[in-house]
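Visitor: From Swiss-Prot, for reference:
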type	residues	note
REGION	1-29	region 'Disordered'
REGION	92-111	region 'Disordered'
REGION	132-196	region 'Disordered'
COMPBIAS	137-146	compositional bias 'Low complexity'
COMPBIAS	154-172	compositional bias 'Polar residues'
COMPBIAS	208-218	compositional bias 'Basic and acidic residues'
REGION	208-241	region 'Disordered'
COMPBIAS	230-241	compositional bias 'Basic residues'
Amino acid sequence: MGRVLQKKKNRSSAPKQKPKRSGQLKSGKKKINVLGNAIIAENWDRKLTLTQNYCRLGLVHRLNAPSGGSEKRVTKDGSIEEVPEDSLHIKGSATASAKQAAMGETRVERDPETGKIIRVIHDDDEIVVGGRKLKKSNPLNDPLNDLSDDESAGIQSQPRSKSTSAIVQQLERQADQEGQAVKSKKPRHQSKREEEWITRLIERHGENYSAMARDRKLNPMQQSEGDLKRRIRKWKASHSA
């Protein structure tokens, strides 16, 4: 027979206490360590939000286009700072088509018998692909096409703050150093036990890799035929040198 207090607890509608999970927010989402990088942690301002810090450092915290507008900050002289539009943001098809649509005249070629439209004749700079009006220079409607054109025209020479430029350059140098370290990583050498195991396999089966893969005694871990080929090729290269 259970205790009366325990029965009351079971019938109570009060939420039961759950053990606190480390690295998890109250909303249940995983807590992200934004200060994992030493350069970002050194230049992080705890008085600002994550978005404000990323904008100040010259980084982007979200690749999607903003859905609710952008924050307008007041400068020292009292004017409102205008945030430039990011050319890498991919806009929705409805918004893009509404902005690109313009009033104009076109010529239509019809079938003399049925009266159906055969061909729509536009200006030289525009064509119709799949019922959509596209530029000849960008028939796939690639949003990065305009960016490449702007870069060739000198968009890379836009002025940026020295602190932002320095931080981004430090991060790029760090990423380049880590990439070089991965490339220059020393290859794994086979141990003596592995070389002895490969020698026994070759002595018994020769070049028959399928028989090696099926051998339960010499190949208890059931290494695949392709894996055995790579190991034996590496063993031969080390012994031929």
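Quick reminder: no glycine exception, Cβ is built from N, Cα and C everywhere.
Describe the structural context of each listed feature in the structure shown, including burial, neighbouring residues and relevant distances.
Guide: Counting residues of the compositional bias 'Basic and acidic residues' (208-218) by DSSP class, helix then strand then coil, yields 6 helix, 0 strand, 5 coil.
Per-class residue totals from DSSP over the compositional bias 'Basic residues' (230-241), listed helix then strand then coil: 11 helix, 0 strand, 1 coil.
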Visitor: State the residues, same chain only, that lie 6 or more residues beyond the ends of the compositional bias 'Basic residues' (230-241) and have a CB under 8 A from a CB inside it; answer 'none' if no residue qualifies.
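Guide: Hits for the compositional bias 'Basic residues' (230-241): 189-190, 194-195, 198, 201-202, 209, 223.
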